[in-house]
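Shown next, in structure tokens, is the structure this report addresses.
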Amino acid sequence: MKKLQLLAPAKVNYRLDVLGKRPDGYHELRMIMQRVDLCDEIEIALTDVPGIRVTCGRKGVPDGPGNIAWRAADALLKLSGKEVGIDISIAKKIPVGAGLGGGSSDAATVLMGVNELLGLGLTDERLMEIGVKLGADVPFFIFKKPALAEGIGDRLTALEEVPSLWVVLVNPGIHVSTAWVYQNLRLTTGNPITIIPRSYSSLDEVCALLSNDLEPVTCGRFPLVSEVKEVLLAAGARGSLMSGSGSTVFGLFDDENAARTAAAEIEKTRGWFAAAVRTI
């Protein structure tokens, strides 16, 4: 039985601009995204028993077709025309419904893994075309580089330079529906569209970039998210922002010691999920 063990990393958004609503109902976005080394652990195995089986064991994460990783495997299995089974086991380390892209990363990792196991030889570009039909963030995780993401998140441009940073992720245990956030977003008009640099050489430059148009919506419904930002800044973060549609907030720190100290203190005093991670 052929199998692979893979890691599916989380991501943070240093920038998330909502530029407008498209005729197809999606929103036109502009984002700066980078992966971090908090990872779900995924095992993919080919079996002689036809069908796809996904097991996760995390409350709120479906095991069947409702799981985006299942749909990723199904897309490639149908494309291959092969009569094989695929067993997928996911050990979730990334908080669910938290703005960290865990589900999209799982799907991207399954696409890449099944492509390898079945010997399909699909390029990353082709996998990204398949992935965007599963979720807007899926192509980014196949791209594997810090990126400027435009469109619905599917048009990706690699950043020319970005520093390696220590980041503290804090999740207060609130599940935020991305669909709800976008439904309650009030688009403003007349705001100048600033030019986003493609190169960042320091922590200060990244901190100056931090902005998320979805943050006021989520914080309006869940004031605790604003409190998390304040706690991170009080713990020494040089900058802090909600990632994606929330509820995870991240803080950028000067070094590993500062990040680990802050994460341990926040977890101890507040009881929230807190992890010191590094960008990749």
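The backbone N, Cα and C atoms fix where each Cβ goes, glycine too.
The shown structure was predicted, so the numbers you read here are calculated from the model rather than taken from an experiment.
Going by Swiss-Prot, these are the annotated features:
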- Lys11: active site (ACT_SITE)
- Asp137: active site (ACT_SITE)
- Pro95, Val96, Gly97, Ala98, Gly99, Leu100, Gly101, Gly102, Gly103, Ser104, Ser105: ATP binding site (BINDING)
Distance, Gly103 (ATP binding site) to Asp137 (active site) (CA atoms, angstrom):
9
Excluding Pro95, Val96, Gly97, Ala98, Gly99, Leu100, Gly101, Gly102, Gly103, Ser104, Ser105, which residues of the same chain place their Cβ within 8 Å of the centroid of the Cβ atoms of the recorded ATP site?
Ala10, Ile94, Gly244, Thr248
Within the chain of Ser105 (ATP binding site), which residues six or more apart in sequence place their C-beta under 8 angstroms from its C-beta?
Ala8, Pro9, Ala10, Lys11, Asp40, Ile94, Asp137, Phe141
Given the binding-site residues Pro95, Gly97, Gly99, Gly101, Gly103, the candidate whose Cβ has the fewest other Cβ atoms within 10 Å is Gly97
How many other Cβ atoms sit within 10 Å of the Cβ of Asp137 (active site)?
27
By a three-class reduction of DSSP, Gly103 (ATP binding site) is assigned helix
